[in-house]
Amino acid sequence: MSGLVLGQRDEPAGHRLSQEEILGSTKVVSQGLEALHSEHQAVLQSLSHTIECLQQGGHEEGLVHEKARQLRRSMENIELGLSEAQVMLALASHLSTVESEKQKLRAQVRRLCQENQWLRDELAGTQQRLQRSEQAVAQLEEEKKHLEFLRQLRQYDEDGHGMEEKEGEATKDSLDDLFPNEEEEDSGNDLSRGQGAAAAQQGGYEIPARLRTLHNLVIQYAAQGRYEVAVPLCKQALEDLERTSGRGHPDVATMLNILALVYRDQNKYKEAAHLLNDALSIRESTLGRDHPAVAATLNNLAVLYGKRGKYKEAEPLCQRALEIREKVLGTDHPDVAKQLNNLALLCQNQGKYEAVERYYQRALAIYESQLGPDNPNVARTKNNLASCYLKQGKYSEAEALYKEILTCAHVQEFGSVDDDHKPIWMHAEEREEMSRSRPRDSSAPYAEYGGWYKACRVSSPTVNTTLKNLGALYRRQGKLEAAETLEECALRSRKQGTDPISQTKVAELLGEGDGRKAIQEGPGDSVKFEGGEDASVAVEWSGDGSGTLQRSGSLGKIRDVLRRSSELLVRKLQGTEPRPSSSSMKRAASLNYLNQPNAAPLQVSRGLSASTVDLSSSS
């Protein structure tokens, strides 16, 4: 057994045993030592028995004792070897356990490294997104500041329409240029008898009641944006008229005008122009070249060309319409003044400022002589003429007109101009002089600087825009305090215009809501040819200096027309007698639907005023 152990120890020194080989050899040695221990144990027992026998006989006792001692030492060595082998086996088992734990820890370390890399990637992506977001926020803030600056620039030349603007009054070209307005509905049967008789005397014709009903019905459908119903309705009526009355009948021309209007509201300008040209040919052949209906169609065709930016083509049409109205109505009729305003607009878009001044001055003279100096058309025409002066650099003439407008509005409000009641521009100039003598304390009450703020009660779209335009003119002249006064007054006027009381006062001041005055002064919003068809001059200055194409009437008239015509239509369909109009009958939708957000903008518009151009160039 000992030889086996020695043989294993004599293996070549250069051969390194693996851990498994060491463990196997240790187990073999341990087994050999156990066997050797058992063998020595048996020999020791035999010697002990021999010693007992020798003690009885007394021979060779010392030799036996010596062998026993050697055996005991050998057994002690064997037991020590066994203990060491057991320790080695236990150590090997512990090392195996430690190695297993080590592998587990390594696996965990690998997973943690992967998770750490994932977290780093996620953090890097989040940081990039955060950086992009911060850049976007900074860019949006810059764009916001830029837009706010542009908005402030536009305030010097924007179109201030107060509450009417919110209700849709600022539509570029409303339906009233082809359809009957409030005056026709108010007159009722008197219209068909009076105007019909006049039409008969002058060789005109009277529009049948069925076409009037169709007018109002198409208005309702168009107001609701239901063109898919309005267009087939017009086409069917047109086919019926052509079949029963013939292609050259005036009623066919009327229906062509209605269908052209619907196409125009859909931005189908080519189709609308084709229909209006057909209507013009029919009316010229049936009613004569100098009939008011021909002038109405010419005006509507000029409107269409103006929308497309064809000012040169529109100007001769508008000029011919003016000649017809001068011949039929006289050179001093208010409707001639409206046509002059339209012609001035077309000329201004072509840069013909001398002609623009001539047309505006003539229109202003007609309004003042026929309607009086307090008529709102006078203020609007003065404002338009002042804007024309601004575009030519005639600042003194423009300033004088602006002051006339504000003074007239002030007189209508307070009755006179005295020390206690001064127009707002006088207060502005006084504050300018005071600011030059001593700086104004921003916290001081307004009473210290006079009652200028009381003049802010004078409010209308025309006056409001005049305040802003005159304020811009003051800024050009370096009168900053005066400009701020007018701008603040314009802001107050705009805020006051949002309540019904202020709106009523504005209507009373400028006569925009006075029906009796409109009847006495003549048609202020439209020109109707004999027979009752409306041929209003829809394209004219808005009266605020913006130079946009806009109808000068009020949407309240359209609402009343729609309300009454709707009730009449319902009564006719039900076969009952018409009753007085009920206040509960309302129009189905607002005319704002006609100005769709994606609709092409009106091209016939004025450029910015000179003050705004300078502000834009300086920025």
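Think of each number as a place in line: the chain as shown, counted from 1.
Any Cβ shown, glycine's included, is placed from N, Cα and C.
Scan Swiss-Prot for phosphoserine across S83, S590 and the hit is S590. Among the candidates S369, S387, S566, the residue that Swiss-Prot annotates as phosphoserine is S566.
Mean predicted confidence for the repeat 'TPR 2' (211-244): the pLDDT average there is 86.
Remark: secondary structure over the repeat 'TPR 2' (211-244) totals 31 helix, 0 strand, 3 coil, with classes taken from DSSP.
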